[in-house]
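S.K.: Positions annotated as domain 'ABC transmembrane type-1' by TrEMBL: B:115-325. According to TrEMBL, the transmembrane segment annotation covers B:30-50, B:123-142, B:154-178, B:198-218, B:260-283, B:303-324.
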Amino acid sequence: MTLISVDRVSFGYTAERRILDDVSFAMESGDTVGLVGESGSGKTTLLRLLLGLARPDSGTITFDGASLDPRNAAFMRQFRRQAQIVFQDPYSSLDPRQKISSIIAEPLRSLRIPGDHRQMVADALSSVGLDADAAGRYPHQFSGGQRQRIAIARAIVAGPRLLLADEAVSALDLTTKIRIVELLASLGTRMSLLFVSHDIGVVAALCRRIVILERSRIVESGDTAEVLARPQHPYTQRLLASVPRLSLKDTRS
Amino acid sequence: MALPFKPRYCCDTPRARTSAILAYTLRRTLILIVSLFVAAVVLFVLLRLLPGDPANALLGVGATPQQIEAARAQVGSDQPLHVQFGTFIGNLARLDLGTSFVSRASVLEEIGNRMSVTLPLTALGFLIAITLAVPLGMLSAIRADRWYGAAISVISQLGIAIPVFWVGILLVTLFAINLRWLPSGGFPLRGWSNFGEAAIGMVLPALTIGLVMGASLLRYVRAATLDVLGSDYLRTARALGAGFTEALVRHGLRNGAVPVISILGIELATTFLGAVVIERVFSLPGLGSMLLLAIQQRDYPNVQGVLFVSTLLVLIIGFAADLAQRLIDPRLRGRTRVEA
């Protein structure tokens, strides 16, 4: 079943410059999709449109068959309950003056979800591998990786069907990055995951399907293993060639 | 998936937090006392640097050497400097500010009387400033792209540029001379026992202070709000489902308050000191006019007393602002160190 369908979407912050140009792709329910492209290719803008934070200039976006309309408050509340996001910077996306319990419970309060919020927060914390007593602390008392876990806990606390991640591991060091990718992969079995990244290696490890964006357009998409094994578009080929590899040269001589 | 280690922090429990705040308060109090001592030293040195002897203030032009000697003995200026300093500090520690050369009245009592004008004036002005600055500053940030957002911003800029005495004169011209709604100045002789007249006398001066101080405060509120509006946590809150107002109230107020509070402390201190000018414009018998009169009459004990009490108040305001900031900001709360 198609969860998200983006059909011929164009968007620009100003009339002169298009950030997205005639972009189309679809995502099945339960799928993990990686949206890859370099800085300025339009990834984050596409995510903003998918979240309903901006409206496309032309084209349509549908979620579960219904058109995504930011002006329809009732629909948006339903939508937000089903689609939640993790942003890139784990330092700035958490309010420094709120306790972790309050930060994680935010979607529950905003979306007026009934139930025992304290228990739901504890469950979300345990799903991301944090102790329950983290709830009583403040963001500055955690490391970058732990903060990103908190951001993920906040995104999954309302039980969404779709998790969007905007460069969610880019700000982390390598070992922390691997742990967070593992965490996202385990969550990917429970919900659909749309992972936006410039890091093709992370996408290869995490996503079944890949969509490659270059300068406002989608240049290639398909099964991740296939695309990476036989890249058709020159940009994809360049992208693959530019992945840094660890080469251990003998420098002793 | 458990973490390999379990971090512990100094402020995990409410009890540890309370003791951290207490430790901070204690350190800060010590610093307050040291600052006050330094201020007293500076005050002592500055007054001794002035040309002439305090005793001259007591005497006429044609005083005989014997009379001068007697007067010097009376005010203590015949003693060596270190003895004078010891007496000065000892008296301050007992809150004995001496007696006026001119009126022979206790300086502390006189300051108390004058405070009954200056304190309500500052407080009222401050209240007006906050009432204007907080909502208008937030509005001008939220609606920075509308004409009224820009207008508020421009007007506040003007308010900063205009000197406080000129705003006072402008208000007097409008409300006292043209409209005849309010008195142009003065304060009832019986003070606050004549409440109605005293309160009416406070309106224009407090409004002057409130407008001028509100203008600069508004800039800070606006900047703090713009910061919050551009913050990632606000965007995240919106993306996760909070409405704009909801997100702003939940995240904006507290985060915006921290920088504004530190400014509030400085502004309050400035207003208190600026009351000298305002009291002059509106002929109010406050601390400012007491200081001016004392300087004109070379009434050393009065000058010394007013300056010392003003310093004390400014230091206490700074202390309160620092403490309020700690209470609001959890990141500062755990720290017991006092930053310069």
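Note that the numbers count up from 1, one per residue, in the order the chain is shown.
Just so it is clear, glycine is given a Cβ too, placed from its N, Cα and C backbone atoms.
A TrEMBL annotation is a machine prediction, not a hand-curated record.
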S.K.: Using Cβ atoms and a strict cutoff of less than 8 Å, what residues sit near the transmembrane segment (B:260-283) while being 6 or more residues removed from its termini?
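M.R.: Apart from its flanks, the transmembrane segment (B:260-283) reaches 117-118, 121-122, 125-126, 129-130, 164-165, 168-169, 172, 184-187, 201, 204-205, 208-209, 212-213, 216-217, 220-221, 224, 289, 291-292, 310, 313-314, 317-318, 320-322, 324-325, 328.
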S.K.: Where among B:123-142, B:198-218, B:303-324 do we find the most Cβ pairs under 8 Å to the transmembrane segment (B:30-50)?
M.R.: B:303-324
S.K.: Do at least three CB pairs under 8 A connect the transmembrane segment (B:303-324) and the transmembrane segment (B:123-142), leaving out pairs fewer than 6 apart in sequence?
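M.R.: By the criterion, they do not touch.
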S.K.: May I ask for the residues of the chain that lie six or more residues beyond the transmembrane segment (B:154-178) and have a Cβ under 8 Å from a Cβ within it?
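M.R.: For the transmembrane segment (B:154-178), the list is 136-137, 140, 184-185, 204-205, 207-209, 211-212, 214-216, 218-219, 222, 274, 277-278, 280-282.
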